[in-house]
Structure formats: C-alpha cells, structure tokens
Amino acid sequence: MKSYNVLPLAYISLFLMLFYQVWAQFPRECANIEALRRGVCCPDLLPSSGPGTDPCGSSSGRGRCVAVIADSRPHSRHYPHDGKDDREAWPLRFFNRTCQCNDNFSGHNCGTCRPGWRGAACNQKILTVRRNLLDLSPEEKSHFVRALDMAKRTTHPQFVIATRRLEDILGPDGNTPQFENISVYNYFVWTHYYSVKKTFLGTGQESFGDVDFSHEGPAFLTWHRYHLLQLERDMQEMLQEPSFSLPYWNFATGKNVCDVCTDDLMGSRSNFDSTLISPNSVFSQWRVVCESLEEYDTLGTLCNSTEGGPIRRNPAGNVGRPAVQRLPEPQDVTQCLEVRVFDTPPFYSNSTDSFRNTVEGYSAPTGKYDPAVRSLHNLAHLFLNGTGGQTHLSPNDPIFVLLHTFTDAVFDEWLRRYNADISTFPLENAPIGHNRQYNMVPFWPPVTNTEMFVTAPDNLGYAYEVQWPGQEFTVSEIITIAVVAALLLVAAIFGVASCLIRSRSTKNEANQPLLTDHYQRYAEDYEELPNPNHSMV
C-alpha cells in the first residue's frame, strides 16, 4: 500500500478509536481504582494537554460527561432481594457518571459511531445484510467459520471483565482491581452468563436463582438483539471488515437433523463420542467458559476467562424426551408472527397471547400458554441437547449465534408488521431488568430496552434476507372451503341436469375445477417437562 502523506499522531489515534467500538461491561480505562472510587467512567478521546482534558470527546463536540440515568420504577415480586445484587439499577453500583454522545457518535468515549453509521464524522449510512448460512457461497461459509475461531482466540483490544462482585472488586488489599482480559468471543459468552447468574446472598446462604435479566420477560428480545449487535460490531472491527455480518440458522424445518451441523459449518457429530463435535471441525478444539456454577454460587465469585471442557452437542439425541427431538415447524413461525400483542401480564414465562413469550418458546406457536410446551427458540436450544441447552453455558456453542440471529429476524419482522408498537412493553412491574427503560445488564455504555425496540434496517444498520413461510388454512377455513366447494358442486350438477332436460342435443362434457387439495395444520403433542416455569435456555 502506498502512502504519500504522514498523518499527525492525533488523527491516527482518532482513526483507531473510531475503529474499535466499545461495548464491554467496563472499558479498560475505567477498570482502575480512581475511576471506581469516583464512580466516573468518562474517558478522554484525544487529550491534548494531559489526562482529563478531553472527556467524551467534549473538545470536538462529540459528547459530554453526564449523570447516569437508571430506571427506578418498581419491578415484579419475583425478585424479593432488593439491595443484594450488583445488577440492580444498572450500572449505578459501579459508576454514576458516563459519556452522553451527540448526533451519531457513540462509544465509551464517543469515539465511534452508532449502529448503522460510519466515517470520521459518523455521517455515512451503512446497511449490512444477514443471510441464511446455508445460502452462503463456500468461500463465505469458510470465512464465517474462520472469523468465529479468530474471535475465540483474539484478546479483546478494549474490554475487561470483573471477576469479583462489587464488594470485592478492589481485591484483598483494597488496591488491586479484580478485572481480567478476555477474548472477543468469550466476552460474548461472559455477558450472557452475567445476565442470568444467581444472586449471591452471602457465605453459607443459598444463592437466589429465580432471577434472570435476559430471559423470561419482555427484555428477552431486546437484550439478545443488542448482544448479537455487540458481537457483530466486535467482529467487524477485529476483521477490519465493516460489511461483515452474522448469518442465521433457520431452525424452523420440522426435521430431526441439524442441517448446519456439518464439518464445513458448525461441526458434525464425532464418531468417537456422540456427545462431542467431530475432530474434523475447528469447534471441536473450543473450550467452554463460565461452567463452575457451584464455585460462583457458594463463594460469590464470578466467571473468569479460564477455559474448561469441550463443547457438548447431540442433536435430537435426548431419547427420554421425544418432544425435543424434532425442530420447530415452518408453520410455527407463521403462527407466532400472527400474535399481535408484544407482551401480556404477568410479563413472565407464563404469559399468554404474548408474542415475546411465544417466540421465546414458553407458549404454543399460536400464543396460548401451556406449561408443558417448549417451542421455537427454547425448542431449538433443547434440540441441541448439550452445552447449547444450558442457559449459563449456551453461547459457548457457536450455533447460539445462528439460532439467535434467526430469532432476531422473527422479532424484526414482527416490528415491521406491527409498526414497532411498544405500548405493551411494560414501563414497570416486569421482572427485574425487564422494564422498558431499564439499562440492559451488563452492557456499557448503558443502553435501554427501548433503544433496541426499533426496526433494524431503519435504525440499527442491518437487515435480513429471509423468505417467511406462507399461512396454511385453519380448520375453520378448511370447513368453509369444503362447504363452498360442495355448494359449487351441487350448483354444477343442477346446471348440467337443467341443460340436459332443456336440450337433448349431445354436448361436449366440461370439467368443473374443484378445491380438492388437502391442508394439514401443524400440531404436536408436547411432553410435559420438569420445572416448566424455569428458563431452560
């Protein structure tokens, strides 16, 4: 590459800051004693006269340091331990001041752009397209697999994770912040774990498990949307490829096989151990993080960057639970998209006629709640029968990415059809973390559920290339068609008889087209599952 001009160091620094988007729990610049004790995370963008001279890019008008706004509206009674969890009123227990960016600027120091924008001034609109993994060319498939593996092995250039709760965050001596580096992909796993972990109530006490900041409530779709957007942007930056996009897995096939579980894609089943991935796949070498639940729950520690055992996966292999041995039907998606109301009281896993609860998979595809049902998103996770079916571990299996991009595609189609009607996304009394204006845990800078409740092509810089299945006829419609067909047949017979009576001349026989196609509506007998109200994925 030829270079004819030498750019000033400040411009080079600005370019690098624009290139690396900040989405971490906390930026590395704020993981220090001074920032934690002050409760201020407003890093400089281009400090020209020493530290603290350009917080949030204020000198160039990109942003300013302001007080954090956290939702204070009441949550539901499912969580009775107010004051015990660092995730409450996120992120006020850690920081009370952060950057507020102007215009299309974004990031922890306003050094980058909002989703859908790029360029030094963040004034160039960009749209990436998420496509079906199976529709990609061989080169595109290989590139995606290599990119995932690179993300697994690349230390995040900007972000660190906390390995202790707030009361122990400064270490035993009070001067050693407990943060660690982590890879780009393992950070994706860690954020999911942190959102679903139990609330530690103290040494010798059982941790409280009926809490989940990203499942079983209205924030399920908005939280996972941002989670994916974070990974996509991180990988774009890692690859230096702004057009890179995450593909999806259309799991609504009705089949008992995983069509993306091949060695050139997500890995086939090992011939040596049916619960492992084939050694011919790069993913057989991956090791999981965040698996030491007993340690976290009894000692009050957090998941760190230590990797453990391999990914386990045995699609359709749970012979003891036939209901999870087959993937959702295409028609399940069609029916789900006909549920017009986003969410309904009690805004939990037992909500009925709720689009959110239906696509999450706690209701039947028609929207009717049934405690024995696991459908759509939940069924796809359970079908994988391994790491991908355990809530705290599921993102360790990279199929998680593909499964959730398709779930997000369904969400985006619903938003398009119903004009992003947020009126039934509750402002209060949802499970903790799920109120409309709650800052989603543990993302940084703070971002609310509302900000993700928008159509993606117009607001978030990406779109889906997907063909939705058509609507089958319902039983009542089939009966109506049959009645109409019978009446037409009677009318035709009567007409022919009348003609024969009126005229004895020989006439050519005419064929009357009839509606004789057989339409079968999808139905499946779901087995009752243990703990039906507990989040499985």
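Here the Cβ of each residue, glycine as well, is placed from N, Cα and C on the backbone.
Listed in Swiss-Prot:
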- HIS192, HIS215, HIS224: Zn(2+) A binding site (BINDING)
- ASN96: N-linked glycosylation site (CARBOHYD)
- ASN104: N-linked glycosylation site (CARBOHYD)
- ASN181: N-linked glycosylation site (CARBOHYD)
- ASN304: N-linked glycosylation site (CARBOHYD)
- ASN350: N-linked glycosylation site (CARBOHYD)
- ASN385: N-linked glycosylation site (CARBOHYD)
- 1-24: signal peptide (SIGNAL)
- 478-501: transmembrane segment (TRANSMEM)
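Here the candidates are the recorded positions ASN104, HIS192, HIS215, HIS224, ASN385, and by Cα distance the one nearest ASN304 (N-linked glycosylation site) turns out to be HIS192. Here the CA atom of HIS192 (Zn(2+) A binding site) lies 19 Å from the CA atom of ASN385 (N-linked glycosylation site). Rounded to a whole number, the distance between the Cα atoms of HIS215 (Zn(2+) A binding site) and ASN350 (N-linked glycosylation site) is 12 Å. The C-beta environment of HIS192 (Zn(2+) A binding site), restricted to residues of the same chain at least 6 apart in sequence and closer than 8 Å, consists of SER214, HIS227, HIS392, SER394, PRO395. Counting other Cβ atoms within 10 Å of each Cβ, the glycosylation sites ASN304, ASN350, ASN385 show the lowest value at ASN350. Straight-line distance linking the Cα atoms of ASN104 (N-linked glycosylation site) and HIS224 (Zn(2+) A binding site), rounded to a whole number, equals 22 Å.
Burial estimate for the glycosylation sites (ASN96, ASN104, ASN181): highest at ASN104, by number of other CB atoms within 10 Å.
The Cβ of HIS224 (Zn(2+) A binding site) lies under 8 Å from the Cβ of SER214, HIS404, THR407, ASP408, each of which sits 6+ residues away along the same chain. Listed in chain order, the residues near the Zn(2+) A site other than HIS192, HIS215, HIS224 are SER195, VAL196, SER214, PHE220, TRP223, HIS227, THR391, HIS404, each with its Cβ within 8 Å of the site Cβ centroid. Separation of the C-alpha atoms of ASN181 (N-linked glycosylation site) and ASN96 (N-linked glycosylation site): 24 Å, rounded to the nearest whole number. In this structure the C-alpha atoms belonging to ASN96 (N-linked glycosylation site) and HIS215 (Zn(2+) A binding site) are separated by 26 Å.
All protein chains considered, the CB of HIS215 (Zn(2+) A binding site) has 24 other CB atoms within 10 Å.
Secondary structure at ASN181 (N-linked glycosylation site), as computed by DSSP, is strand.
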